[in-house]
Amino acid sequence: KSQTYKLCFAIGGAPKEVAASATAFFLQIYLLDIAQINAFQASMVLFIGKAWGAVTDPVVGFFITKSRWTKIGRLMPWMVGCTPFLVVSYFYLWFVPPFISGRFIWYLGFYCLYQTLITCFHVPYSALTMFLSTDQRERDSATAYRMTMEVLGTLVGAAIQGQIVASAHTLKHCPPHNMTAGYLGNSSVRLLQCRGSSRIASERIHRLSLIACYSILSHARVLIPRVSVSDPYAPRTEKQIPFYQGFILVMRHGPYLTLTAAFLFITVAIQLIQSNFVLFCTYAADLRDHFQNIVLTILLSAVISIPLWQWFLQRFGKKTAAFCGITWIMPFTMMLVFIPNVVVAYVVAVSSGLSVAASLLLPWSMLPDVVDDFRLANPYSKGHEAIFYSFYVFFTKFAAGISLGVSTLCLEFAGYDTGACKQPAPVVYTLKLLIGAAPVAFIVTGLMILLLYPISEDVRLRNKIETTLKPA
């Protein structure tokens, strides 16, 4: 029965990742080369949208803590209620409107709406982990189930959208017989080719949106009747302390701040690689015919390696697993920057998948341990799970938004030519920095902070025993 609950819980996260992978890998190149907005406007859409999504995380967390318990729990009504509106916002995010001058406002509005609604789903869904079981091993197992299904969702989204973008962008966008003329001076011919490519890509991406929307709705229906939630922690007779007092207590908890700061830098590094990888393959590595298969290789490697990391963290500890898993990506990304050929790209893809899996699994596996540590330190403070999860997402999402906006703005300053089949040398150099040196610097910073994380395996096991012996 517990395995069924964990599987149903994990399935609920898959369709969200179908949509998330499409936006993470392809929204930037979609805005630049298909929607035809300039690089500065694209950077504003990405930054403001991510920043807005970050701001909504603690707001949603606040309202969740104020929500009443229902027959399906306190978290489930949020996931059910936001899903239909999430479908609509995602659908129009990938729609190219017939007007040109107002496209920036169109995409900014729908991206902010999408970020708001995905927050209304993601915060309660991630906090649901704490209510599946009070046993650490069971929660770690549920997290592994969830990450496996989410990476599978990411794989499906990248597979479908990658093939669409590849066929529309590489085959239609830059015909071999016209590449030189188009780039050197025949701007009218290039513009007509880009517009034709935009229509083709828009129609295909719109069909993907319908698939993803249906997937979100159908998987939400699978999740609802099977996962029942109640508060298994602190006695119900205790009076819940105000939100602001709980927030102050959480923000003063050292292990939470250390874990959040460490994975903030690591998440920024992974986000930089993820969002600029397609542009790098297209313009800096001459791999435009292979990028969709390279992305699939990364994600397939991540799916396969999640059970490996789940075994590794149980055998050697979560902190050790974080260091081993995340450092793995650094030498291989630098290798791709200096040796940009097909064979190296696929080797890097397999190796990078290991680190992507670790960066996805470890923070969500370590965060419940931080919550347990907080409960033991503050035995009369309850109901703050949403604060932990919402502010963790807030900090990481806000930092990722800044990095995305700044990276796209760097391309604008470097002279990115919207719709061009070839980019100038400064743009190529900038893409190499965004894929290589910048992520490595962020990862090293994050790992140095993680050294200060105080919850070792001994502390975690001690907390587990004390939590089990704590009277309910």
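Placed from the backbone N, Cα and C atoms, the Cβ positions cover glycine too.
Residues or ranges marked as transmembrane segment by TrEMBL: 75-93 (among others).
Residues or ranges marked as transmembrane segment by TrEMBL: 105-132 (among others).
Taken from TrEMBL, the feature transmembrane segment applies to 256-274 (among others).
Look at TrEMBL and you will find 294-313 (among others) tagged as transmembrane segment.
Residues of the same chain lying 6 or more positions beyond the ends of the transmembrane segment (320-339) and with a Cβ under 8 Å from any Cβ of it are 266, 270, 273, 285, 309, 312-313, 345, 347-348, 351-352, 354-359, 362, 366, 432, 435-437, 439-440, 443-444, 446-447, 450. The transmembrane segment feature in TrEMBL is assigned to 320-339 (among others).
For the transmembrane segment (386-414), the residues of the chain that approach it from at least six positions outside its boundaries are 28, 38-40, 42-44, 46-51, 53-55, 57-58, 60-62, 64-65, 75, 119, 122-124, 126-127, 243, 246-247, 250-251, 256, 259-261, 263-265, 267-268, 271-272, 275-276, 279, 363, 367, 370-371, 374, 424, 426-427, 429-431, 434, 438, judged by C-beta separation under 8 angstroms. Feature annotation from TrEMBL assigns transmembrane segment to 386-414 (among others).
Per TrEMBL, the feature transmembrane segment maps to 434-455 (among others).
Simply put, out of 75-93, 105-132, 294-313, 434-455, 434-455 has the most Cβ pairs sitting under 8 Å from the transmembrane segment (256-274). Within the chain carrying the transmembrane segment (294-313), a Cβ under 8 angstroms from the stretch's Cβ atoms is held by residues 21, 25, 140-141, 144, 147-148, 151-152, 154-155, 158-159, 162, 277-278, 281, 287, 320-321, 324-325, 345-346, 349-354, 356-358, 360-362, 365, all 6 or more beyond its ends.
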